[in-house]
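Notes follow the structure.
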Amino acid sequence: MRASMWWQLLLSMLALVSSCAARRIQAEATIELPPPLQWQFYQNSCPDAEKYVRDQVEFYWKQDRTLAPKLIRIVYSDCFVKGCDASVLLDGPDSEKKAPQNAAFLGFTLEVIDKIKEVLEQHCPGVVSCADIINLAARDAVVLAGGTSYPVPTGRRDGNSSTAKSVDLPLQAVSWGSVVPYFQEKGLDVQDLTTLLGGHSLGKTGCQFVADRLYNFNKTGKPDPSVDPTFLSQLREQCPPNSTNQVYLNPDSGSSYSLGKTFYSRVLNHRAVLGIDQQIAANNDSYQIAQRYDASFEDFKKMFGRSMTRLGLVKLLPGDQGEVRKNCRVVNAK
């Protein structure tokens, strides 16, 4: 009887692995890769590369769960500036790190990437790019935060320049009408935008980024009328005028640093923390997407992975440009 139970368990595990593999193959087949990306680019040159990355991310995530939203954010901060070339990791007196938009993930997060690179250089020197490390580490962070694994094509090249003035990421409140074309310029659409904003179910934001909604919306001296009155009172308690406090982007699940099921429900009920998140409900296409995700958390997790894969395809360096850095903080010596 016991042997039979173990056999059934084994068959169930094999079926699960087979199902996951089938979903991964299907996902890969639906994504057209720009050069120089390939599926399993390191299969011959560093076959365990993804395992080395995953092991390090898991090790450090267990020490500090805030690592997950920060690793996810780095993909956006890197790819939306000069493309996915790890320029955001370069040191320098006027590098992208110095831009105020990138202050949230400095320190420990970059030290984790340094450690991943160190391990990879020990096993496969000069092979795995820092740009690929960013994307692979973010995927592993999504899984640890309760998301669904997704395929990450590899073969990115590392850039050799980085300037703070090139960082044009929104710093203050922005309108939906300006964000949509901003995403479209990068090859992403309204579904990607609405889906990636779901990443705001992780992490915190500073009260300075929500103060206008609470006290002086559009310079009217009044709060944002789209905020639920009860939630407005709660946010004002956490963010009094001129406060430097931080608040969870999803108050329901924020402290667990896990992807929360209620993010889109909060949006639909006018209880989103950030103005850009609340604007999802004010536009027909994004409103319908939010309804779909609110009805199916599994659907959201699947599509979040898809949009993260697409985000990692933005403006790649050709294979004959850039380099594979030996140290993610500095360009290679000539």
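For all residues, glycine too, the Cβ spot is worked out from N, Cα and C.
Now, the feature entries from TrEMBL:
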type     : residues  : note
BINDING  : P170      : substrate binding site
BINDING  : D252      : Ca(2+) 2 binding site
DISULFID : C46-C124  : disulfide bond
DISULFID : C79-C84   : disulfide bond
DISULFID : C130-C328 : disulfide bond
DISULFID : C207-C239 : disulfide bond
DOMAIN   : 36-332    : domain 'Plant heme peroxidase family profile'
With an 8 Å cut-off on Cβ-Cβ distance and a minimum sequence separation of at least 6, pull the same-chain contacts of C239 (disulfide bond), or say none. C207, V210, A211, L214, N245, V247
Name the residue among the disulfide-bonded residues C79, C84, C124, C328 whose Cβ has the smallest number of other Cβ atoms within 10 Å. C124
Other CB atoms, at most 10 A from the CB of C130 (disulfide bond): 29
Using C-alpha positions only, work out which of the recorded positions C46, C124, C130, P170, D252 is nearest to C84 (disulfide bond). C130
Counting distance between Cα atoms, which of the recorded positions C46, P170, D252 is nearest C130 (disulfide bond)? C46
Could you state the whole-number distance in Å separating the C-alpha atoms of the residue listed as 'Ca(2+) 2 binding site' and C124 (disulfide bond)? 42
At the Cα level, what's the spacing in Å between C79 (disulfide bond) and P170 (substrate binding site), rounded? 14
With an 8 Å cut-off on Cβ-Cβ distance and a minimum sequence separation of at least 6, pull the same-chain contacts of C46 (disulfide bond), or say none. L120, H123, C124, V127, V128
Around the Cβ of the residue listed as 'Ca(2+) 2 binding site', other Cβ atoms within 10 Å, all chains included, total 15
Do you know offhand how many angstrom separate C328 (disulfide bond) and the residue listed as 'substrate binding site' by C-alpha? 25
How many other Cβ atoms are found within 10 Å of the Cβ atom of C207 (disulfide bond), counting all protein chains shown? 20
